[in-house]
Amino acid sequence: MSARRQELQDRAIVKIAAHLPDLIVYGDFSPERPSVKCFDGVLMFVDISGFTAMTEKFSTAMYMDRGAEQLVEILNYYISAIVEKVLIFGGDILKFAGDALLALWKVERKQLKNIITVVIKCSLEIHGLFEAKEVEEGLDIRVKIGLAAGHITMLVFGDETRNYFLVIGQAVDDVRLAQNMAQMNDVILSPNCWQLCDRSMIEIERIPDQRAVKVSFLKPPPTFNFDEFFAKCMAFMDYYPSGDHKNFLRLACMLESDPELELSLQKYVMEIILKQIDDKQLRGYLSELRPVTIVFVNLMFKEQDKAEVIGSAIQAACVHITSVLKVFRGQINKVFMFDKGCSFLCVFGFPGEKAPDEITHALESAVDIFDFCSQVHKIRTVSIGVASGIVFCGIVGHTVRHEYTVIGQKVNIAARMMMYYPGIVTCDSVTYDGSNLPAYFFKELPKKVMKGVADPGPVYQCLGLNEKVMFGMAYLICNRYEGYPLLGRVREIDYFMSTMKDFLMTNCSRVLMYEGLPGYGKSQVLMEIEYLASQHENHRAVAIALTKISFHQNFYTIQILMANVLGLDTCKHYKERQTNLQNRVKTLLDDKYHCLLNDIFHVQFPVSREMSRMSKIRKQKQLEALFMKILEQTVREERIIFIIDEAQFVDVASWAFIEKLIRSMPIFIVMSLCPFPETPCAAANAIMKNRNTTYITLGTMQPQEIRDKVCVDLSVSSIPRELDSYLVEGSCGIPYYCEELLKNLDHHRILIFQQAEAEEKTNVTWNNLFKYSVKPTEDMYLYTSIAAGQKEACYLTSGVRLKNLSPPASLKEISLVQLDSMSLSHQMLVRCAAIIGLTFTTELLFEILPCWNMKMMIKALATLVESNVFDCFRSSKDLQLALKQNVTTFEVHYRSLSLKSKEGLAYSEEEQLREMEGEVIECRILRFCRPIMQKTAYELWLKDQKKVLHLKCARFLEESAHRCNHCRNRDFIPYHHFIADIRLNTLDMDTVKKMVKSHGFKTEDEVIFSKSEIPRKFKFPENISITETREKILHFFDNVIIKMRTSQDDVIPLESCHCEELLQIVILPLAQHFVALEENNKALYYFLELASAYLILGDNYNAYMYLGEGERLLKSLTNEDSWSQTFEYATFYSLKGEICFNMGQMVLAKKMLRKALKLLNRMFPCNLLSLTFQMHIEKNRLSHFMNQHTQEGSLPGKKLAQLFLQSSCFSLLWKIYSLNFFFHYKYYGRLAAIMQMNTSLETQNNFQIIKAFLDFSLYRHLAGYEGVWFKYEILVMEQLLNLPLKGEAFEIMAYAADALGHIKFLTGHLDLAIELGSRAHKMWSLLRNPNKYHMVLCRLSKPLFLKSRYKHLVQVLGWLWDLSVTEEHIFSKAFFYFVCLDIMLYSGFIYRTFEECLEFIHHNEDNRILKFQSGLLLGLYSCIAVWYARLQEWDNFYKFSNRAKTLVTRRTPTVLYYEGISRYMEGQVLHLQKQIEEQAENAQDSGVELLKALETLVAQNTTGPVFYPRLYHLMAYVCILMGDGHSCDFFLNTALELSETQGNLLEKCWLSMSKEWWYSAPELTGDQWLQTVLSLPSWDKIVSGNVTLQDVQKNKFLMRVNILDNPF
């Protein structure tokens, strides 16, 4: 039975019939229009309250998940219940009108009495439904019902394509009046209905002063059987389902295919409904919350009661309305009788019908309809209401009977304006503002209280759209504000200044044309140009703005320009204009021709006989000749600059005149225009190709300029980074988009304004760890709150998720216009792409497109790329590069382009498309040009459809959701996939085996990483010397490099690591698809993977953000006892701890890591007693592991995941404890280091064991071990020597070489650090892992720098620079500039100039990787501060020193941090010298504090001996400044001894010079360093031999000691 029903429902005729009443489906009408049919019946009018409020609530919802679908579900939940009741009781739903419906029981007159009883019963049951139904969404849904009975006339009208029907007559008027009298839950009978009904069955209540009555209840006699009574009544209903069909609600559900009937019924249904029925792809396509323009037309007739009379009038009006709407893609949605009149509900902007300038078109149509209908003889009054905004457009009703309708406050406002302001065309303020028409087309009307509309806002009368010359009104619309800068348009103004200069010098005409899309700020540019032009003496700037209407007015542009030139714009009366004109033209034009000017300037010169005989063309020529003479005369007296905004609306005659004008005399014309909608006229083309025309295509604003604009618009000193990213991405650099997004945020009260918090005073918690504000450029401070001395900042309301916000209606409309202009197949492609996300790959798009082949898709994509819907990129690096820079302004040379096309060099459109197809095939990554388009297209899908597509995407992506092939397809969190069952695709055994083989995945009882399966063969001799050890280790690494270079196996990866790209195009989208599918555990898995991956890549901010996403999901999980969830919690805290560690928040980090270990069943002791006990246990375990020769069976994946995570936590814990000075903390640190080793040994994984041994070696060296080689380093080498030279072993060896080199650098064995670092560099360069390779280069550069091996250093810096450019690696570039600053400050030559380094810092200090990377930015700021301190430029010093100070508190035990802090301390020491010299009060205290701080750094376990010489050098300088010669001598000698031991030639040379300087204490002039700086040689001079390295060494800064007498 259900299959049969499905088959019936799928028939086109059944689907069409569902949109129509039985009255039409089974009607037999004559073909003539209008046709009239009369019958008797009972009418029910049901009005449902609450839906309009609900529509308003949903249409203003912030988030994208509160859309049309929820609305349609709730609407139909209620309406379908009413429809079902009506159908069960034999009614026929005639019309749905928004949230009301009209039903008919058509019977013979003698049956009316009984049928009224049935209808009353039906009405009471409808009320009963709403008492029983639960109230949803906080809505109070109630119904009011009116009933009427009697004669009814049906009118059918229309044209050859569309038919409409109306029911008219007294009964129709009565039913509406009855419903209007009803209160909530009332049933009102009209007077005639009360007359005709069976009064004995009905208990009523009288209504004062009315003949209508209110039904209380039915009171049948005791013996009355309603079922029998109902069956008898239904026997008289023609189309009530009975017999075999009694289970059907409607007979029309059973219609057999009938092409003739189908064709006839199609005429009653809107075209977009028929499209949806034909195209099954578009199911649910029409239910939307959509910005539209409503035009409500009401016609009142002279003889209301005569069907024949009003029929012909309605027919005439309908035909005209249809023809007008067709031109502008508007549609009639409903026609019904409304308060004694006939109303047409017309809509512009239905799905698929959105067009540009919709509001203007709607007003044009309204005026046209008004003018026509007012002339129809039988129509007494025409009233039209126009309103714009978001309404619900969708199919409302029941499966078997529904209609496409619009519901919303804007529909109500249009209807109310139409009724309360009769006889005119009215519009609301949104329509008025959005029409872009001059204000003089409108007149504001007095406010009226309108039923059902709380506050409609201002109401305007549209006076007509014929352009009237209102002198003085055509100036540029917007005003220039003195206190507001023109942002991001420096280049555009430069074009003007340059062209202006040419104009003044050559005395030739110049035309400057700015083309840009709407919203690019063209008017703002012209306002600035008008201001600049008027600053010059003897210049006259005439500025006008045109509108769409101007184009249709012949010679309008010249008319307005000439009115301004002649000074008529300031005249208040036509007589004044006439006098002015007479004075100006009397010498140029005979008096008898003055009347030529009557029409054009609205004056009243007497009309001469000669003029009356003159033809129209001759008059125009005379007029043009006169204007030329006037302009020639004016040009002699002053320079004229014509400025025309919206020049695409210049009429053809005006273009022709302008073209002649620029050939005839020197004049400067500046225009702004949107791209021409159609091919411009010949004259416009000629101007564009003129050699004196400069044609500029406006670009967008750059990200920093958008940031500045937002800060200036909001008048704040800073905005949150999240807001900055949202606006930069969402606006795409278009000023209007940025403004609309900001307005939307303000409307939803998302922005909070309060005094900016001082960074150093903020108490750090996890939630504000990355409270990251971005600031405008310094030259913008003048326009923000900073200028007033108040640092007001903008913040976001807590809990808001900007990326999920629904786009503002204004921007949504722009996207809908573009979408609706596409073919249906292209729309489908865009909508499918929107599901994938902002960025997508061609492979995934192809996977989810229904029934497409690759050729079709490539062709469609090429077209969409060509039309700027998508951008395409070859790699994610290209994408990231493009996102940093928006499209800039450029010049178009139309003249040279036209010459090329004449030579046949221009491509045809087909060739261009073919070229684009080739480009799309090469580019696998695409991205929406406008994020708003993606959001808009995404919102068009229904929830179920979204789920299906998200599921498809997830299934496709999860196959690649791991590390890249280069990294052996592993998890970012080791063994993570063993813990959680996150796969959607079920795998058979063959697939599993293939995966094991190709990807390295193994079963749960096996592991991914290599094992220590081979027993140890090699051991170092016990008494081997340090030199022999060194030689053996270096020889081993040399052999490994040779093996890597010469191996025939797949030792060297064919491609470099591209994990970062996978994060963007696979793992992040996959996590988001799972969020959309509400698969929270799977989404959490991938967000944790993302956080871990970004930590590996050094991006703490992104790791924090994705961990935040994960935290939201963790809170939603319910299965708290499961091991997988416990592990996810542990991972979450472990990653939190790592982020806190990287940010220098050690207390928070320790807390998080302890939590993670507790969840992993490895409690870390929290008191000395448990510490002692645990230490004993761990030492025994270590001894057991170290003496264990044979390996037991492999561990399960789940166990390994747990051990790896524990090891990671311990690795961070010992570093945290090492930072603390409390003596017992070193025991905690030692325990953590031993526990890391034990955990790693338990994994039986070589890589993990080697990492732990090297970590423990580092711990011991930093804790004070003084030997060159620690025993665990020897154990590492033994492990390495026993590894087979293949696969992952090379990675382990490269890692070991790098780590050993790093340890040797920290401990001051610089030669050894260089030897090991060089070998690590060679290995990592072969292994093609940029993330590891850059770190090796950074580490290698420092010992080379200290050893003064500049040739090798410069070579390493060259590699580092190449890597930073090819990989777009910001960390490498920042480190490169850090070393360049070091070279200038300490080595005495220039590799890159100070200005270049400073510019890099200015451009990148807000980069999220640098800003949240502990140490590097501190080092850069401190180097700049030291530079300025040496030059005694103290203001600049304070600026950078204060920036560095905020980063000092992020104490992390890393080389970069200590590099940074040592330079920061040098800056403070130089400042102390200034304080002492100026005899500042607190100089002595500052000196003592500084010395303590330096001593603390030296005493710290984690600092590393390599930094001691510099720190002792600074301590010596502080002592000499404070007069403590003895201590100075001690620190100086200690530093020299350490430099000698370590081979630190750089520091040794500087120390020797300082010692010599301080001992001899000669006079030193303040500007000596300035002289040194000015003579610093470049590296090229050194290489060429012009400068020797011995000379370079003398370019050291000598710290001034002329404050005290020589203490020595």
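First residue shown is number 1, and so on along the chain.
Including glycine, each Cβ sits where the backbone N, Cα and C put it.
Per Swiss-Prot, the candidate among ASP22, ASP92, ASP99, ASP159 that belongs to the Mg(2+) 2 site alongside ASP47, ILE48 is ASP99.
Summary of the site annotation: Swiss-Prot records hydrogencarbonate binding at LYS95, VAL167, ARG176. Screening the candidates MET337, MET417, MET418, MET419 against this entry identifies MET337 as the one listed for that site. In the three-state DSSP reading, ASP99 (Mg(2+) 1 binding site) counts as coil.
ARG176 (hydrogencarbonate binding site) carries a helical DSSP state (H, G or I). The Cβ centroid of LYS95, VAL167, ARG176, MET337 marks the hydrogencarbonate site; residues of that chain outside this set whose Cβ lies within 8 Å of it are LEU43, PHE45, LEU94, LEU102, LEU166, ILE168, VAL172, VAL175, PHE336, PHE338, given in sequence order. The average per-residue pLDDT of the prediction over the domain 'Guanylate cyclase 1' (42-179) is 86, rounded to a whole number. The CA atom of VAL406 (ATP binding site) is located 9 Å away from the CA atom of ASP99 (Mg(2+) 1 binding site). Nearest to ILE413 (ATP binding site) in space, judged by Cα atoms and limited to the binding-site residues ILE48, LYS95, ASP99, VAL167, is ASP99. Helix, strand and coil residue tallies for the domain 'Guanylate cyclase 2' (293-418), in that order: 49 helix, 51 strand, 26 coil [DSSP]. Residue density at VAL167 (hydrogencarbonate binding site): 23 other Cβ atoms are found within 10 A of its Cβ, drawing on all protein chains shown. The CA atom of ALA415 (ATP binding site) is located 13 Å away from the CA atom of MET337 (hydrogencarbonate binding site). When the binding-site residues ASP47, ASP99 are compared by the number of other C-beta atoms lying within 10 angstroms of their own C-beta, ASP47 comes out lowest. Checking the binding-site residues (LYS95, VAL167, ARG176, MET337) against ILE48 (Mg(2+) 2 binding site) with a 10 Å Cα-Cα cut-off leaves nothing.
For the pair formed by ASP47 (Mg(2+) 1 binding site) and ARG176 (hydrogencarbonate binding site), distance between Cα atoms is given as 10 Å, rounded to the nearest Å.
Geometry remark: VAL167 (hydrogencarbonate binding site) versus ASP99 (Mg(2+) 1 binding site), CA distance 19 Å. The closest partner of PHE51 (ATP binding site) among the binding-site residues, by CA position, is ASP99; the full candidate set was LYS95, ASP99, ARG176, MET337. A simple Cβ count within 10 Å picks out one of the binding-site residues LYS95, ARG176 as the most packed, and that one is ARG176.
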